[in-house]
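Peer 1: There's a structure below that I have some questions on.
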Amino acid sequence: MCPKEISAIGAGTYRDMKYPVGSYMIQSNNPNQYRSVYVMPGSGPQDELEVYDTPQDVAFDIPAHYIPLPYMCSGTGHAVYRRHLYCHQHGTNLIVKFHLKRYDIIADLPLPGAGYSNTFPYTSGENTDIDLAVDELGVWAIYATNDSAGKIVITKIDHKHMELGKTWMTSYPKRSLGNAFMICGTLYATDSHRDVPTFIRYVFNTDTGEEQLLQPGEMPFLNSALVGRPDVFTHARKVAKGEGGHRKIRATRKSRGRRRERQKENGSKREVRESTREKTVAARESNSVMLSYDFRTSNLLSWNNGRLETFPIYFRDDA
């Protein structure tokens, strides 16, 4: 499974979300076909978690239930790993581990010297001082301290015992980067959360200690997805609400069939609409406040301007 080295980030697709900013987390170690999704609206302080049985339920806007949290979370870099939520507790340097089935706090873990409350955020601000990431190797914390002069610090979290593992000091200022994610213990950080496109600016390999400073064009990232079907998702939500919250998949499929027939009759008009929409999306300024790697699907997830965007990641051995 590891090591992996990114060769390219593909073009993305998107779906509309209810909130302009938030955190989207998928159950990482569930071997079943259907994987629970957890959504935390906003960038904090927030003390409620939305739970969806499947990613499709997010499109239908049908949460299975809500989980009230006994503390406030801050930022957009929360993580779900092996039936536990890991979040940055608002106004502190603590990481809290919360059991998603028993609804209780397992432990909290301080990150010594870690900045919080927009002391060392990414360029987006949004309380992104402490960013938690999940990859093939487990749970990581990405942050900065006064001792590191605001440069990125990476710490491996022993999730079983909630202890600090090995820590790596890097040489790149956290406030100068758009966002970051981990793959096989390697940090990848974007140059900007607003520029479209942006690119992977900084790479740090915790296995070798090597770092790379990339230039525009070396690893581009078209961080505003051009392909999406918000009309389908909106229709699905209307159907679900019209049926008292119960999904009618057959009705939705029939509606899609009628829509396809109309689109065939008005193919040229559809092409114009799609072209206009793509130009509009391409011209929009990005606001990517969350990046999260889903190692089960090799996709990069981004919360951008009220949309969840999904980008395929290609590696050097399978590109």
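Note that Cβ sites are derived from N, Cα and C of the backbone, with glycine treated the same way.
According to TrEMBL, the protein has these features:
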COMPBIAS  247-261  compositional bias 'Basic residues'
COMPBIAS  262-282  compositional bias 'Basic and acidic residues'
DISULFID  CYS2-CYS184  disulfide bond
DOMAIN    1-317  domain 'Olfactomedin-like'
REGION    240-283  region 'Disordered'
Peer 1: Taking every protein chain in this structure into account, which of the disulfide-bonded residues CYS2, CYS184 has the most other Cβ atoms within 10 Å of its Cβ?
Peer 2: CYS184
Peer 1: Would you mind giving the whole-number mean pLDDT across the domain 'Olfactomedin-like' (1-317)?
Peer 2: 84
